[in-house]
Amino acid sequence: MKDFVGLGHLFVVAFLFHFSSFMVLPAITDVTMEAVCPGRDECSVAIYLSGFQNAITGLGALVVTPIVGNLSDKYGRKALMTLPVTLAILPLFILACNRSEVYFYVYYVMKILAGIFCEGSIHCLSLAYVADHVGTKRRAAAFGLLSGVSAAGFLSGTLTARFLATSSTFQVAAAVGTAGAIYLRAFVPDSGAAVSFHDDACDPLLQDSSCSSAASSSASSDEELSPRLPPYKGVLPSPSDMVALLTGSLTLSTAAMITFFYSLGEHGLQTALLYYLKAQFGYSKDEFANLMLIAGAAGMISQLTVMPIFAPIVGEEMLLIVGLLGGCTHVFLYGIAWSYWCHILLHRL
């Protein structure tokens, strides 16, 4: 428990970051429609713009995130976390000033650029920070707490947006994001390779590591779960280095493949869902917030209770399987929920 208490400042930053980031999510659909297709409830251009934004952001994050992660090993997690936390404020500040068409397209460009650095970096660096301070056997529970705090930020931001006007939503989000960046610089202790929980010389992921005989004998069963990867000592990873990292471990490459396809389905759903609900049912910011509150509450309860309690009991692999099945079921139900035969079946039942 002492390890988790030491992560309190990081949890505050994660809460504030997700509070400000997701607070604007219920309102951004209305802002986009008003800027791109004013006076209309249905606009395919808005969906294309959102899809293009997600695609460019994802491709950019694929290149930038490994570089940021590698630099954090050298310069510390705190220094590199400052970059995405600060950049995430700029798009919010633009729409806090004005939401006209010109301001929206400036926001759109800035959101893509900021997303390239923020989309994967803040999550990656937060997990690395937790791994620096928590032992291997307790990391799954710590990761669950971090995800739960992030979900709490999502829930709190969505709830706040439910009771604010659109203009005030972006202003409050920008202010909270600024507070998160200041808190990060003022209170979060630095972390990096020099203060890692395990010394690099005893890292099970490095082929040339040499642990003590006592440690190696007690961790013989863990070597299958933590396969040795080729050590990388450069400043910036090249594409060949990243390919070698993925292909050097069956566990890592499988996890990367699962993450890719799961994220592909989730982002594809999220890109079109809000616009579909607006076109089909005339939903606006408040209705979007109500739906997100339900999902956010379920996610927060799950991450804060299920992960820390059941991870040591059933293991990370079983929790991953359950989570993937739940995610696939969620996407499948959304896929058939709007079919005409589904409505007929429900009425007959």
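Using N, Cα and C of the backbone, Cβ positions are placed for all residues, glycine too.
These features come from TrEMBL:
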DOMAIN    6-349  domain 'Major facilitator superfamily (MFS) profile'
TRANSMEM  7-25  transmembrane segment
TRANSMEM  45-67  transmembrane segment
TRANSMEM  79-96  transmembrane segment
TRANSMEM  102-130  transmembrane segment
TRANSMEM  142-164  transmembrane segment
TRANSMEM  170-188  transmembrane segment
TRANSMEM  243-264  transmembrane segment
TRANSMEM  288-311  transmembrane segment
TRANSMEM  318-341  transmembrane segment
*asked:* Six or more residues beyond either end and a Cβ under 8 Å away: which residues meet both conditions relative to the transmembrane segment (170-188)?
replied: 9-10, 12-13, 16-17, 19-21, 23-24, 27, 78, 81-82, 85-86, 88-89, 92-93, 95-96, 99, 157, 160, 164
_Do any residues, 6 or more residues outside the transmembrane segment (7-25), come within under 8 Å Cβ-to-Cβ of it, and if so which ones?_
81, 85, 88-89, 92, 95, 122, 126, 129-130, 133-134, 142, 145-146, 149-154, 156-158, 160-161, 169-170, 172-174, 176-177, 179-180, 183-184, 187-189, 288, 292
_Within the domain 'Major facilitator superfamily (MFS) profile' (6-349), what mean pLDDT does the predicted structure show?_
82
*Can you tell me which of 79-96, 142-164, 243-264, 318-341 gets the most C-beta pairs within less than 8 Å of the transmembrane segment (288-311)?*
142-164
_Cβ-Cβ under 8 Å with the transmembrane segment (318-341): same-chain residues at least 6 beyond its ends_ = 140, 258, 262, 265-266, 269, 273, 276, 280, 306-307, 310-311
